[in-house]
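Visitor: Let me give you the structure first, and then I'll get to my questions.
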Amino acid sequence: MTCSIVVGGQWGDEAKGKICSYLAVADKISVACRAGLGPGAGHTVVYEGRDYKLRQSPSAFINPNTRLFLGAGVLINSDILIEEITRLGIEKRVGIDPRATLVEPHHRAAEVRDANLTKTIGSTGSGHGPSLADRAMRRARRSADEPQLQDFLVDVSKETNACLDRGEHVLIEGTNGYLLSVLYGTYPYAVGKDSCASTAAADIGIGPTRVDHVIVTFKAFPTRVGAGPFPTEMSADEAKRRGFIQCGTVTGRPRRVGEFDFELAADAARVNGATQLAVTHLDWLDPGCNHLPMDRWNSDLRRFVDRLEQACNVPATLLGTGPDTHHIVDRRHTL
């Protein structure tokens, strides 16, 4: 039995989807659960030459033998989810907890009307905040109330715990990142709920004693979409010169780019209780590392990984060296 949680250690966009898709195949995951927020948090999977943009489904869908769950703590836009399920052809593998909160058109409209959220904070306009507020006031509709979701309803907590009892592998995929947490992030420039590993477990209905691994994921050059503090931010000209230009998966807005902050990384590892670190986009720092074992990387890149491990006092076990799911140096069995 192993239960692993993958969360972001920065402002999102750390390639959690890549890490989860890799683990789904490499570890033969039985059940993959999406935790966190809803369709405002996009994950990208590059697999066998195809790009998949996901807003609701677990990134582990690429393993055809993996069941795919959305927990009670997830926000669900039923139209977006149904479209995604159909497009990916995963109808027979999806289970949705009947207690999950719905994001409805009036939630999105309320968020768009709120100038503080859309213009000052830089919200995606997906309706997360108003939906969470309705849940807190006990007036939100849940997935059990939505006719088009009836065929997918399952007690995710019960099913996931049963999988662990049988000795199967479970993967929980968080959204956003530590520095976007409404509790520990750069408040008020944050998302509407906590995005740490403990909350991801609660979203699925897994107790803390059942979690074996917490994998905090970092991008070799942090990025941020929207407003808010960014201590190591570089100028747009510098980002362009270094080839670091990117856009958000959901918003399409340009991502702000900065230098890696080891102190903030250590905070993320501590609060999440990291047992392992994943680092992605290392090929953007040195394209020559792709397809090479770590002992053949240049010394600067190896020192970067060493420094991160020392700052966090946690081993960096999964190192992303390219965009595809399989572009990973997996050190879990050698450290």
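Cβ from N, Cα, C; glycine included.
Quick paste of what TrEMBL says about this protein:
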- Asp13: active site, proton acceptor (ACT_SITE)
- His43: active site, proton donor (ACT_SITE)
- 12-18, 42-44, Arg255, 281-283, 320-322: GTP binding site (BINDING)
- Asp13, Gly42: Mg(2+) binding site (BINDING)
- Asp13, Glu14, Ala15, Lys16, Thr124, Arg138, Asn176, Arg253: IMP binding site (BINDING)
- Thr249, Val250, Thr251, Gly252, Arg253, Pro254, Arg255: substrate binding site (BINDING)
Visitor: Where the record says Asp13, Glu14, Ala15, Lys16, Thr124, Arg138, Asn176, Arg253 bind IMP, what is the longest distance in Å from one Cα to another among those residues?
Guide: 34
Visitor: For each of Arg253, Arg255, count the other CB atoms within 10 A of its CB; which of these binding-site residues has the top count?
Guide: Arg255
Visitor: Counting every protein chain present, what is the number of Cβ atoms, excluding its own, within 10 Å of the Cβ of Asn176 (IMP binding site)?
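Guide: Taking all protein chains shown, Asn176 (IMP binding site) has 29 Cβ neighbours within 10 Å.
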Visitor: In whole Å, note down how far the CA of Ala15 (GTP binding site) lies from the CA of His43 (active site, proton donor).
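Guide: His43 (active site, proton donor) and Ala15 (GTP binding site) have their Cα atoms 7 Å apart.
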Visitor: Can you tell me how many other Cβ atoms are located within 10 Å of the Cβ belonging to Thr44 (GTP binding site)?
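Guide: Other Cβ atoms found within 10 Å: 17.
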Visitor: Find, for the listed recorded positions Asp13, Glu14, the residue with the lowest Cβ contact count at a 10 Å cut-off, counting only other Cβ atoms.
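Guide: Least crowded of the recorded positions Asp13, Glu14, by Cβ count within 10 Å, is Asp13.
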Visitor: 10 Å Cβ neighbour count around Ala15 (GTP binding site)?
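Guide: Summing over all protein chains shown, Ala15 (GTP binding site) has 25 other Cβ atoms within 10 Å.
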Visitor: Fewest other Cβ atoms within 10 Å: which of the binding-site residues Thr124, Thr321 wins that one? Let me know.
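Guide: With the binding-site residues Thr124, Thr321, fewest surrounding Cβ atoms within 10 Å: Thr124.
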Visitor: What subset of the recorded positions Asp13, Gly42, Thr44, Arg255, Thr321 lies within 10 angstroms of Asn176 (IMP binding site) at the C-alpha level?
Guide: Asp13, Gly42
Visitor: Sort out for me which one of Gly12, Gly42, Pro254 has the most neighbouring CB atoms within 10 A, since those are the binding-site residues we care about.
Guide: Gly12
Visitor: Restricting the comparison to the binding-site residues Pro254, Arg255, Thr321, which residue's C-alpha is spatially nearest the C-alpha of Lys16 (IMP binding site)?
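Guide: Closest by Cα distance to Lys16 (IMP binding site) among the binding-site residues Pro254, Arg255, Thr321: Thr321.
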Visitor: Rounded to the nearest angstrom, how far is the Cα of Ala15 (GTP binding site) from the Cα of Pro254 (substrate binding site)?
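Guide: Approximately 16 Å lies between the Cα of Pro254 (substrate binding site) and that of Ala15 (GTP binding site).
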Visitor: Work out how many Å separate Thr44 (GTP binding site) and Arg253 (IMP binding site) at their Cα atoms, rounded off.
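Guide: About 15 Å separates the two Cα atoms.
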Visitor: How far is it from Leu282 (GTP binding site) to the residue listed as 'active site, proton acceptor', counting Cα to Cα, in Å?
Guide: 14
Visitor: Where the distance is taken from Cα to Cα, which of the binding-site residues Thr124, Arg138, Arg255 turns out closest to Ala15 (GTP binding site)?
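Guide: Ranked by Cα distance from Ala15 (GTP binding site), first place goes to Arg255.
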